[in-house]
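> Here's a structure for you.
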């Protein structure tokens with residue numbers, strides 16, 4: 001049947017879907033009026049298609065249509081050959097052009113055959129919608145058409161649709177073949193549907209296809225994905241005598257899918273012993289099995305086998321070797337393979353970039369990207385993800401933004417994985433506004449996207465934004481997993497929102513999501529919110545406590561001022577036999593420092609040394625702080641000097657240690673040394689420096705460093721810096737200047753600032769400024785008993801007893817009660833605590849008798865007179881003397897003097913360092929203001945003079 005004359009011109013766009021070898025201009029395909037049987041050099045076209053040259057195939061097909069005397073041929077075969085070539089090359093646009101011509105030409109004979117080929121082509125090219133359209137319009141379908149459509153679903157990642165179509169196929173009674181079962185078994189594997197997969201296996205046996213190698217390979221892969229490796233192994237052994245390379249590949253792949261890499265390599269060795277020659281795919285899988293660093297030597301042996309078999313020139317094998325060597329940490333070897341490759345694809349560069357990132361070579365990854373771009377390789381999606389990860393982990397924001405710009409130009413910014421990595425980049429670089437912008441532009445957000453952006457805001461302490469995003473995720477019907485809950489709980493802790501933390505806790509209990517990690521997280525959250533009771537209850541409920549659980553609970557106690565409980569819990573931890581790590585040991589060091597439990601601190605230091613923990617970084621900083629707060633500055637200095645790599649935190653800790661002991665000049669000298677080491681001070685460093693100047697009376701130096709912080713280092717002062725500066729000026733009686741600084745602050749002064757000013761007004765008897773500071777202090781923080789006690793003391797020091805009574809009445813009305821000040825001393829590896837006029841100690845009578853003896857000697861031989869001006873109570877002078885004699889520090893020192901001559905005691909009593917060894921007593925006052933409410937507040941209010949007592953104890957120093 002003749003058709004009307006027509007011309008069909010094919011002009012594909014310059015950019016085509018599919019691999020890079022499809023990017024060319026296809027020649028015009030000219031078709032003139034012709035009958036069904038047309039002359040064409042079919043054999044020539046077959047040869048061209050075998051050579052996989054789509055461009056030449058189109059040219060040959062077009063010239064054959066317009067030739068003068070071409071031979072006879074079947075047009076169906078010609079179309080089929082070109083469509084199969086389009087499928088293999090995944091060139092969708094060219095396949096669509098052939099489809100358009102078939103629909104217009106009406107010159108085909110076997111419509112079922114060509115429609116089946118079209119379904120196959122669309123499926124291979126990933127165009128599932130077009131494949132469905134062709135399949136649905138077929139009036140007659142062969143088993144090949146059904147197989148093509150089922151295979152298209154499987155290839156596109158729609159295994160459920162594949163099984164549904166298979167059921168329809170069975171209902172229609174279409175006969176099955178090996179290809180049908182192969183595709184259906186593969187779909188069952190993707191769904192991990194062992195039940196259906198086993199049914200298909202039984203059907204294959206029933207149809208006599210059970211021993212078919214093609215089916216056996218598919219079944220072994222399915223069983224491996226369904227965690228039934230034992231069945232796959234039995235199936236493999238039953239195929240004895242019929243094992244080809246493909247079957248060996250299948251069982252090796254099954255072992256790898258199950259994570260049994262050693263077994264996979266053993267099977268690979270058996271395959272070589274059986275005399276089979278590995279294929280390219282075999283070598284690729286064997287290299288995948290060598291992903292563990294311990295298997296690097298085996299990987300090198302496989303590399304040698306690849307070189308002998310001449311498979312190293314294959315790009316897939318070379319890429320696998322690159323991946324293997326980068327996973328084993330041998331970047332140099334991977335680079336050598338990369339540069340030796342005759343042909344490279346995008347995966348080659350992407351694998352190399354990923355290897356740099358995995359090995360922490362972030363700057364090298366960025367340099368390598370520039371190198372491959374200069375060589376003409378453009379970064380693909382995987383490369384962009386690796387480069388963004390490298391920028392994020394190295395903190396290189398500018399480079400990350402350049403890659404972001406490239407992703408925008410390349411159209412990769414809407415890719416989900418690229419978008420998630422961009423969110424992570426801006427999160428690590430603290431650019432939350434950029435992070436939100438990227439998040440909003442992602443068209444189809446998945447669950448990982450929500451987790452990433454919520455975690456990013458949590459890490460940047462944007463706690464309210466975390467809760468907003470969490471609500472949005474709930475409105476979008478997104479699920480909740482443990483990672484997201486962890487970010488929400490971090491926000492609850494930052495906001496001190498214990499009510500929301502309880503809600504999340506209840507949600508977890510109802511959903512039965514509790515595990516050890518979440519339990520530990522709740523310990524941190526409740527501890528951060530100050531609810532120690534809840535944290536303690538959760539800790540007791542944890543059956544299998546890990547070292548993290550113990551560390552979290554110890555930190556909870558320490559951070560909430562329960563140092564004794566923290567130390568007791570640490571002792572319980574040691575009894576459990578759990579291996580202690582450096583973090584657990586560092587968590588208890590602040591408790592040791594708070595209690596001045598020097599011997600416990602030394603024990604922990606010794607344990608760190610015995611366990612091989614190098615005193616570097618945070619360990620060294622914690623030890624420096626612990627020794628300084630226990631009064632042993634020399635040990636702090638030894639730890640500092642023995643540390644090789646001193647970071648900013650360690651320098652700051654040592655500066656703070658000097659300041660704590662009143663060595664302001666030494667602190668300043670150390671700061672200058674730090675600057676010479678090209679370390680840039682931060683806010684905390686200047687805080688320690690101002691603290692040192694304050695406690696050494698270095699007013700001019702303190703002013704200078706305050707100005708340098710603002711002008712030279714461009715650091716905006718924190719409220720804590722103003723507190724230190726006001727304290728510095730107040731101690732030196734520059735009260736007007738201190739008041740002007742408070743008045744000139746850009747932000748509202750905090751209660752701590754007014755408290756520092758009020759304390760200075762009390763010392764220097766400045767009533768006018770004292771009244772202003774007292775009023776401001778009680779307005780800002782009317783619920784703190786400390787503030788009322790300080791105001792009470794100011795009024796009492798000036799004899800304003802009516803105002804004192806009013807303050808006491810206000811405290812009583814608010815039901816405020818101040819914890820009594822206490823002093824403690826460590827004797828015999830045990831901490832003894834005392835409060836003023838304490839009678840609770842078992843040796844109380846002996847302590848007071850010893851104290852009476854000391855006072856008598858002081859009065860008789862040292863001319864000691866009690867300084868009753870420090871007793872701020874409206875009582876008689878005699879009563880004031882009694883109150884002064886019952887001071888908690890005196891009780892602690894008297895108890896220390898009760899020890900035997902062999903005792904050696906070094907401890908801190910309030911603001912004094914007490915050292916007793918034999919008949920020598922040394923007391924050093926370092927003028928430390930105690931900040932913890934449970935300790936004695938203010939300065940020491942008496943001074944011991946050189947004395948001799950019944951045990952010939954001498955005071956060598958009293959500063």
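Note that the numbers count up from 1, one per residue, in the order the chain is shown.
The backbone N, Cα and C atoms fix where each Cβ goes, glycine too.
Below, the features straight out of TrEMBL:
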type: REPEAT; residues: 142-176; note: repeat 'PPR'
type: REPEAT; residues: 244-278; note: repeat 'PPR'
type: REPEAT; residues: 345-379; note: repeat 'PPR'
type: REPEAT; residues: 546-580; note: repeat 'PPR'
type: REPEAT; residues: 647-681; note: repeat 'PPR'
type: REPEAT; residues: 682-712; note: repeat 'PPR'
type: DOMAIN; residues: 863-906; note: domain 'DYW'
> Quick one: DSSP breakdown of the repeat 'PPR' (546-580) into helix, strand and coil?
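Final tally across the stretch: 27 helix, 0 strand, 8 coil.
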> In the same chain, who gets a Cβ under 8 Å from the repeat 'PPR' (345-379) while lying at least 6 residues past its ends?
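Contacts of the repeat 'PPR' (345-379) (Cβ under 8 Å, skipping residues fewer than 6 from its ends): 315, 318-319, 322-323, 325-327, 329, 331, 334-335, 338, 386-387, 389-391, 393-394, 396, 399, 403, 406, 410.
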> Looking at the repeat 'PPR' (546-580) alone, can you tell me the average pLDDT?
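91, rounded to a whole number.
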> Can you count helix, strand and coil residues in the repeat 'PPR' (142-176) using DSSP?
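Counting residues per DSSP class in the repeat 'PPR' (142-176), I get 26 helix, 0 strand, 9 coil.
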